[in-house]
Each structure stands twice: as C-alpha cells, then as structure tokens.
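See structure below.
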Amino acid sequence: LSDALIQSNLQSVFLRVTKQYLPHLARLCLISTFLEDGIRMWFQWNEQRDYIEATWGCGYFLATCFVLLNLLGQLGGCVLVLSRNFVQYACFGLFGIIALQTVAYSILWDLKFLMRNLALGGGLLLLLAESRSEGKSMFAGVPSMGESSPKQYMQLGGRVLLVLMFMTLLHFDSSFFSILQNMVGTALIILVAIGFKTKLAALTLVVWLMAINVYFNAFWTVPAYKPMHDFLKYDFFQTTSVIGGLLLVVALGPGGVSMDEKKKEW
C-alpha cells in the first residue's frame, strides 16, 4: 500500500510540475513526422515526383500535384496545430495525408508500416479529442451523452491505435532479453489500451520508446547519401510522433471509456 501511495505521489508531482509544458511538448512531438516529411518533399522534390510518376504512370502534372499537396498539407497542418488555430481542420487534413500516402507508397500491403501509420492516426485522434471543446460538438445533431460523448470514444480509439506501434517492436526470438522486453511491453500496451493505470503506463512507454528510438534509429550516425539515412530518419520521426500521442495520454488521461474512470464509480 505504501509503495502504491509513493508511486501515486510521484506521479502527481510530475504531472503538476509539467502540466503547463506537457501538452505543448506532446503536440510538437506528434507533428514532427509531418514536419520532417513536408521538408523532405521540398528538398527531394524531383525524386518524389519521379517516384510517383514511375510507380503510378500518372504523368508529370499529377505527380507534381501529389508532391505539392503533401508539402503544403503537412507543413500547413503543422503550423495550424502548433498555433492552435483550426486544429480540427488540420487534423482532418493530416488524416487525409496519411490515407493518401498509405495508398501512394503501397504501405497498405506492408503490415509493419501500416500499423505504424494507424498508430500515427491514433495520435491525431487524441489531438482531435484534446482540441474539441466540451461545450461544442463537432458532430452536428449528435446529442451529448456525458461519458459516452464522441470525445471519450476518440480517446479510446486513439489509445487503441497507439499501441499498434509497439506491436511492430516485438522480437520473436528465444533470447532472455527479447522475452522480457516482449512481456513488459505487452503488459504496458494492454494497460494503455484498456485504460488502467493509464498515465503511469503511458509515461513508462514514453521512456522505453525514446530509448529504443535513439538506439535503433540513430540516422545521424549514417552518412546522408546512403539510403539507410532516410529510412532511419523517417522511422525516427514517426516514432517521435507516437511518443507525442502517448504524452497526450499522460497529460489528458484516458478519458471516460476506461477502467481508471470506471474505478471512480466503484
């Protein structure tokens, strides 16, 4: 009991100290992959356009429109999210970018990248829930039902989608470290998904994922001219975006559809 009390007090102190800064840091991390990819579209304009033109045979004009849409859509969405203006529209725009890229780059057929894109969508869903004011509904004509309001289900959907990132990090081999990592990681993602001890589990996952990200996706150690540099850089920022989603969970809590919330009724 005393250990649980100490744990709860430490968590409360951390949240109180970081309350002002955590949501801002979460949003910055969350949009980092869109920011990096938008800048990539600018510096690799010709390569991206040629890839789309060759892959889809859509012609020079449509391939150029695709790259331009990605560049403006992502950078514009990032500016709106960071400035907290029209955040809901920015989220829907970034959802569209994710869907467009999933089809254009054939991510739909790559389970690992598909799960990571879905996890990224989960982060956006949490951002959408954060930006949605309690007094006004985005869904015209849908009555507010307290704990069953759309915002609560956005938070549930966001949490569930976020854990897909960790499914791609499981290592199926017989080494003791891999087995331990899989067991601990699986336990934590289940806690986040069902909303039990949510803030503590999400914060633990943030620390774990940051360590894995820096260790395995250290793109700065690979020369820029090598293809692996871009691959690791993309992976690094996409993982950082999922970290941003988890930080939103830490900052905002799991929402009404969670075991943590139901415990208050017991």
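Using N, Cα and C of the backbone, Cβ positions are placed for all residues, glycine too.
Note that the structure is predicted; figures quoted are calculated from it, not measured.
Taking Cβ pairs closer than 8 Å, the transmembrane segment (60-82) reaches residues 27-28, 30-31, 34-35, 37-39, 41-42, 45, 48-50, 52-53, 89-91, 93-94, 96-97, 100-101, 104, 127 in its own chain, all 6 or more past its ends. Per TrEMBL, the feature transmembrane segment maps to 60-82 (among others).
As annotated by TrEMBL, transmembrane segment applies to 89-108 (among others).
Taken from TrEMBL, the feature transmembrane segment covers 176-193 (among others). Within its own chain, the transmembrane segment (176-193) has Cβ neighbours under 8 Å at 159-160, 162-163, 166-167, 169-170, 201-202, 204-205, 208, 246, 249, 254, counting only residues six or more beyond its boundaries.
Sequence-remote contacts of a segment are chain residues at least 6 beyond its ends whose Cβ falls under 8 Å from one of its Cβ atoms, and for the transmembrane segment (200-216) they are 7, 11, 14, 165-166, 169, 185, 188-189, 191-192, 236, 239-240, 242-243, 246-247, 249-250. Here TrEMBL flags 200-216 (among others) as transmembrane segment.
What TrEMBL records for 236-257 (among others) is transmembrane segment. Within the same chain, residues 15, 18-19, 22-23, 25-37, 116, 119-120, 122-124, 126-127, 129-130, 146-149, 151-156, 158-159, 162, 165, 192, 195, 198-199, 202-203, 205-206, 209-210, 212-213, 217-219 sit at least 6 positions outside the transmembrane segment (236-257) and bring their C-beta atoms closer than 8 Å to a C-beta of that stretch.
Non-local neighbours of the transmembrane segment (89-108) in the same chain are 31, 34, 52, 55-56, 66, 69-70, 73-74, 76-78, 80-81, 114, 117, 120-121, 124, 127-128, 131; each lies 6+ residues outside the stretch with a CB under 8 Å from one of its CB atoms.
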